[in-house]
Amino acid sequence: MQSTVSLQPQDDARQLFLPLLDSSPETTTAAVVDGGRGGGGSFPKLVESSPSPPNGVAERESRRINKYVLAGAVLASTNSILLGYDIGVMSGAILYIKENMKITTEQQELLVGSLNVCSLIGALASGKTSDRIGRRYTVLIAAATFLIGAILMSFAPSFLFLVAGRVIAGIGVGFSLMIAPVYVAELSPAFSRGLLTSLPEIFISAGILLGYISNYAFSGLSETVNWRFMLGISAIPAVIVALGISAMPESPRWLAIRGREIEAKRILIKISESKEEAELRFTEITRSVSASCKWRGNESVWKELLLNPSPSVRRILIAAVGINFFMQASGNDAVVYYSPEVFREAGIEDNKQLVGVTVVMGIAKMGFVLISAFFLDRFGRRPLLLLGSTGMACSLAGLGLGSKYLEYSDEKPKWAIGLCVVAVCAALSFFSIGLGPITWVYSSEIFPSRLRAQGSSLAVSVNRLVSGLVAMTFLSISSKISFGGMFFGLAGIMAAAAAFFYHFLPETRGKSLEEIETLFDDDGLH
């Protein structure tokens, strides 16, 4: 059973916190009241020249990103390169695996989708694991598991061995997709949480681009070895994370939930720009943890989430599961995985040309996810999410139109092929503006502290399940209704997504994690 902190009033938090702070000119010259310096009475309280700022203000006053926060966020998010690289590299590697191993379309779908489906296992296990051993070591488990899978894929002597490697790598991906956003959200101050929690999606996009480049670089080798190099290189980021884990601070919110207040305060001092900011963040955290545990006592987290949720928790769960569902129901991963097949159908025959087009797609995706990340804390989550989802709906409709025209055209005109290429790049770009980064940001910041890890793992599990189902059925459904029909269907799904986001997702920009908890109360949704 998890031990919890018993601090409630701000003065009690100060009593534990102030001994850790070094003396400064301001504190040594301040008058001491309420009990003096000796024993007996209450803890000495310093007279301040101005009243204490309200909760969350300290986080918003500082505008510099702390170097320890940035380093921890970058290392945790490096795991996300693994998923991005796999998505990008498989789009090209599958062309050569198909020729080398003579696999069928159904085997191709199984090979591509197995990683996504099996990442469901890692996503479900990651919540409980991170609550038990901490966020930092869960990041290490994610890296180690993917490393094993990458090695198995690179040396696979048969199709079944290759699938086994992807199953193991998928479990690592599931761990990574849950823990990276949660860890970064719990470490970051409110003013930069949008940017820093977008890092996993930035790294996913960077991984996709690196996968495309790897495809192009190794495409000239023999088909018996080129795909092995493509898949084996993915072990490098996992090694980097494993080596850098000692430099990552643990989440202070996790430490507070576990009753390890002294360690939480030391880390807060390290990751805050001032002692006052660290003190106020600690007070907010302990109040939130104490209130959450008093409200639910020892009730199981899963019971609170699924069987007996409060109205606000139910709204949070609907929002988190909904945004993760629509992220993958958009078909983005499948479009990336199978874009060479789409372009081959459109009239581009040469494998190297197909891989070259995907590099252009990767550059577009990477550029727009960077734009979104840097403007997320300025414009907010909702505007970019609505822009991205409506833009995707229009782009997918254009892609459906171009695909349908080429389906009934014998000449394959260049303008129609160009329309398909531009529409795919536009769809990926709008995804990178909205659903790509914001899904990870939003679903990691809206859950209360004691529900965050397992609530996020549930939402990510839905994400991975839908991603796997789409990846494993995309080609089969498209063969029945054509690529054009498939893209029209995805456009309709994105139109429904825009309506869902408008009605169910309140804005969270600029608020501390503790303040966000109140947004899903009855009054907070208006």
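Just so you know, glycine gets a Cβ as well, placed from its N, Cα and C.
Caution: TrEMBL annotation is automatic and unverified by curators.
Annotated domain 'Major facilitator superfamily (MFS) profile' per TrEMBL: 72-509, in sequence order. The feature transmembrane segment is assigned by TrEMBL to 68-97, 109-127, 139-161, 167-184, 196-217, 229-248, 354-376, 383-403, 415-443, 483-505.
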When counting Cβ pairs under 8 Å to the transmembrane segment (483-505), the leader among 68-97, 167-184, 229-248, 383-403, 415-443: 383-403
Recorded stretch, among 68-97, 139-161, 167-184, maximising Cβ pairs under 8 Å relative to the transmembrane segment (354-376): 68-97
Whole-number mean of pLDDT values that fall within the domain 'Major facilitator superfamily (MFS) profile' (72-509): 85
